[in-house]
Amino acid sequence: MLTFIGLGLCDEYDVSVRGLEAIHRADAVFLEVYTSVLTGTTFERLEEYYGKKITPLYREDVELHPEPILDAAAAGEAVFLTAGDSMVATTHADIRIRAAERGIATRIIHGASITTAVCGLSGLQNYRFGKSVSVPFPHGKWFPMTPIEVITENLSHNLHTLVFLDIQKDKERYMKISEAVDLLEEQASRTGAKIPLYVGVARAGSEDPAVHAGDADEMRNFDFGTPLHILIVPGTLHDIELEYLRRFAGLC
Ligand SMILES: C[S@@+](CC[C@H](N)C(=O)[O-])C[C@H]1O[C@@H](n2cnc3c(N)ncnc32)[C@H](O)[C@@H]1O
């Protein structure tokens, strides 16, 4: 059996009781560490609290060489842990399909996801979000324009855009809101687009999340603190959304 378990958003205490019991019963515990991270804890604290030795998984372990995970799941109870919810803004559907092809039973135990946490923190209504997009760190001459294209398309339908920020786990590099805003403003200047308002969210799920709304300069000057960071580009705000951002996100 292969059980995908979402660990939630901050630290070792965010896993559900159902998820924790499955971890305790597991013969093999894997933790995917490249699509998102629990910044409120450490690998060692997770091992201690869960009472298990954990094998970290990098992109190539999951996408190119998943055999050890599948072998463990064929031989006994294996759990595949991810920060957030396992199948949201990740590519883990592929490994579930591979498991099914080998006749291995699978299931999912869900965790809180950043995609829903942003709605509570910002007050932006989840049914008003269009397609989401990621901003990658540019390298060399590679400067993808997809983020501004998606944002522009969503704005034309008056939809909000959730903008995931890049993680380079091997370098312990997490994109900050100010860096993402610089990249988006550069893209906008190349296409002639305008982004009138951003909402930035940092450390969702922790005791001290930061939420702040404003234009590009406001975002660059506000200190969001330590990662993880994420951005929303809202469409036209409904009255309640506007009031919520004024009260809880410092919107002037
Ligand atoms: C590719 S998404 C993976 C989402 C995850 N599967 C989930 O359900 O929450 C990871 C990105 O979401 C954002 N993110 C994830 N957790 C966050 C948190 N607790 N606070 C702020 N942003 C977060 C960051 O931009 C991060 O790079």
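Heads up, the Cβ atoms here are built off N, Cα and C, so glycines get one too.
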One of A188, A204 listed by TrEMBL as binding S-adenosyl-L-methionine at the site of L9, D85, V88, S113, I114, L165, H229: A204
Diameter of the S-adenosyl-L-methionine binding set by C-alpha atoms, the set being L9, D85, V88, S113, I114, L165, A204, H229, in angstrom: 17
PLDDT averaged over every residue in the domain 'Tetrapyrrole methylase' (1-218): 97
In three-state DSSP terms, the structure that H229 (S-adenosyl-L-methionine binding site) belongs to: strand
